[in-house]
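Enquirer: The feature repeat 'Solcar' is assigned by TrEMBL to 4-87, 95-207, 216-305. Feature annotation from TrEMBL assigns transmembrane segment to 285-308.
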Amino acid sequence: SLPAKLINGGIAGLIGVTCVFPIDLAKTRLQNQQNGQRMYTSMSDCLIKTIRSEGYFGMYRGAAVNLTLVTPEKAIKLAANDFFRHHLSKDGKKLTLLREMLAGCGAGTCQVIVTTPMEMLKIQLQDAGRIAAQKKLMAAQAQLSSSSAAGVAEPAVETRTTATQITRELLRSKGIAGLYKGLGATLLRDVPFSIVYFPLFANLNKLGQKDPNVKAPFYVSFLSGCVAGSTAAVAVNPCDVIKTRLQSLQRGVNEDTYSGILDCTKKIWQKEGPMAFLKGAYCRALVIAPLFGIAQVVYFIGIAEFLLDMLPKHRA
């Protein structure tokens, strides 16, 4: 049933995000840093420096936004894919690869309604620590290079903002369109991701089914979700880099600004080289693999069906 699908998707999203959010934070910071001022050399370096400067909970900046909105996002994504697969099937026959890809395309298109504002707010909170650390480092370098400390300003203290404050400011200055900045880039990432992910997962999962009418074991669903998720994540990573850069409202010192997808692509290619489009790919694979592995296990086990089945019995 649709309620069960929505609940399963929501539970899966909450569990997955809680497990992998620090890696997602590292991915955002690695993707946003440009060649001029590199703060981090790797995922582990980013996480270690984040803990030292911002504390353990600094790794979870922006998690509240994700945990709030990931439930409807994952619910829409998984339920929409099932919906399109059902309506694209002919008399219960096996879907062709093209129809599986069309179903994934529909799911990816539907989810951006929630994904775009969620990513928009999350990125601002995740990247704030990097920008603050960069400003402090430059201020310290300026003091060291100066012959006298007189007249040199103290490093600025980071003013922490909340998702609510960012939302109010965006709505006041730009209206609802402010929350949907980077919508085109989000579609460019999520639609191809779903086109790759859902057919790949479905076909990998079928390999573990002894009987077409019986669900595959949970570990098969988990491994299928991990493999399909990491493959799709790496495939669309260039689009994720572009989306992250476009949705970042604050820039570090001497960092480029972008007017759109083409301008962003051109500047990254010219100033940072083609390998820049793979920034954060390792982190993204580590985020998406368990996230979708967990999501598919929860979804296929059907926790919601159990809860909904128990509800009438409890009332009775």
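Cβ from N, Cα, C; glycine included.
In TrEMBL, annotation is done automatically, which means it is predicted and not curated.
Given the structure is predicted, the values throughout are model-derived calculations rather than measurements.
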Enquirer: Would you mind splitting the repeat 'Solcar' (95-207) into helix, strand and coil residue counts from DSSP?
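Expert: Tallying H, G and I as helix, E and B as strand, the rest coil: 92 helix, 0 strand, 21 coil.
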Enquirer: Summarise the model's confidence over the repeat 'Solcar' (95-207) as a mean pLDDT value.
Expert: 83
Enquirer: Could you tell me how many residues in the repeat 'Solcar' (4-87) are helical, how many are strand and how many are coil under DSSP?
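Expert: Helix/strand/coil tally for the repeat 'Solcar' (4-87): 71 helix, 0 strand, 13 coil.
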